[in-house]
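According to TrEMBL, the active site, proton donor annotation covers His37. Under the heading ATP binding site, TrEMBL lists 30-37, 149-152, Val178, 186-189. Under the heading beta-alanine binding site, TrEMBL lists Gln61. Annotation comment: TrEMBL describes Gln61, Gln155 as (R)-pantoate binding site.
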Amino acid sequence: MQTVTDPARLHQLVLQWREQGFRVAFVPTMGNLHQGHIELVNQARQRADKVVSSIFVNPMQFGQGEDLDAYPRTLDDDKNKLYDASCDLLFTPEVELLYPAGIGSQTYIEVPAISDLHCGNSRPGHFRGVATVVAKLFNLVQPDIALFGNKDYQQLAVIRAMVRDLNMPVQIVGVDTVRDDDGLAKSSRNGYLTDEQRTIAPKLKQVIDATATAIHSDGLAQREQLQQQALHSLNAYAFVPDYFEICHADTLQPAQVGDNQIVILAAAQLGKARLIDNLRLDLSK
Ligand SMILES: Nc1ncnc2c1ncn2[C@@H]1O[C@H](COP(=O)(O)OP(=O)(O)OP(=O)(O)O)[C@@H](O)[C@H]1O
Ligand SMILES: CC(C)(CO)[C@@H](O)C(=O)[O-]
Ligand code: BAL
């Protein structure tokens, strides 16, 4: 596996592959890799001849007071994991090389409507930062396909909308959430949890599952009450919930009676960790 820090060198290498007719898959990450990331690389490996991954803690998607400085940086360990997963090329740019104009002067991409909801409401400018860096990375890597986790459901929706609206020639693939045995979605930020908080953390998924069971038996007429109950349960378990919303799976707007494609989206603070999780439901079945 080759590691490249210079964007121009990365571009040169992938262009050579393209000239040779190789199909290129891309897995962007912020590092501190876990089995969720490795599943993205494994799926990329199955779908392409060459796999490129990036590790870049993107300052543009972090707000004031968020954990940009504290975000875990474990590059040597990450490189070993990517090597073991047969990644071909790792891109680890410096901030100054990826944002030569400076972040404040950088041309940006704003995906309207969907970026302002849920996580975007709590983290203003977050999805502008995500969409912009992903577009920059796509331009450098020029992948045939790019893989993202369904755990970051809204992020995936923002990226799909960007690719559609800007006619980007890349296929976006969503990969199912990899979980610990007790159901907690693997996340780099789980490392912020104390031992006691780690025992509480799986309750987030349990509350989502209980809400799904209620929707399957009673439908969506009680949507707001179900949301309130879920928030109440999370509070009782010592989370500080950010949002718990039962939404249409595509628009991410509040689900209406009669909608079949549903997603339950939740975010909650537990100690220093902001945890997110979600569940897709198909009510037509
Ligand atoms: N448990 C998981 N299963 C599958 N994919 C995941 C999982 N966690 C993260 N991913 C995906 O990995 C990619 C990189 O995510 P990122 O590096 O931010 O990791 P993360 O664990 O989500 O960290 P964070 O705590 O910052 O949210 C994204 O596409 C994300 O959706
Ligand atoms: C997609 C991404 C790599 C963009 O910085 C990041 O938001 C992430 O790791 O999910
Ligand atoms: N996985 C999403 C990246 C972030 O929280 O900034």
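The backbone N, Cα and C atoms fix where each Cβ goes, and this holds for glycine too.
On the structure: features taken from TrEMBL.
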residue : record                    : contacts (Cβ under 8 Å, 6+ apart)
Met30   : ATP binding site          : Ile55, Phe56, Val57, Asn58, Tyr71, Ser188
Leu33   : ATP binding site          : Ile55, Thr74, Asp77, Asp78, Lys81, Leu82
Gly36   : ATP binding site          : Gly149, Lys151, Thr177, Val178, Ala185, Lys186, Ser187
His37   : active site, proton donor : Val27, Thr29, Lys81
Gln61   : beta-alanine binding site : Gly125, His126, Phe127, Arg128, Gly129, Val130, Val133
Asn150  : ATP binding site          : Leu156, Gly174, Val175, Asp176, Thr177, Asn278, Arg280
Gln155  : (R)-pantoate binding site : Cys119, Phe127, Val130, Phe148
Near ligand 2, meaning Cβ under 6 Å from any of its atoms: which of the recorded positions Met30, Leu33, Gly36, His37, Val178 fit that description? Met30
Measure from each Cβ of the recorded positions Leu33, Gly36, His37, Asn150, Ser188 to the atoms of ligand 3 and list the residues where some distance is under 6 Å. none
Identify which of the following recorded positions, namely Leu33, His37, Asn150, Val178, place a Cβ less than 6 Å away from any atom of ligand 1, and list them by sequence position. His37, Val178
Where His37 (active site, proton donor) falls in three-state DSSP terms: helix
Look up Val178 (ATP binding site) in the DSSP assignment and report helix, strand or coil. coil
According to DSSP, Asn150 (ATP binding site) sits in coil
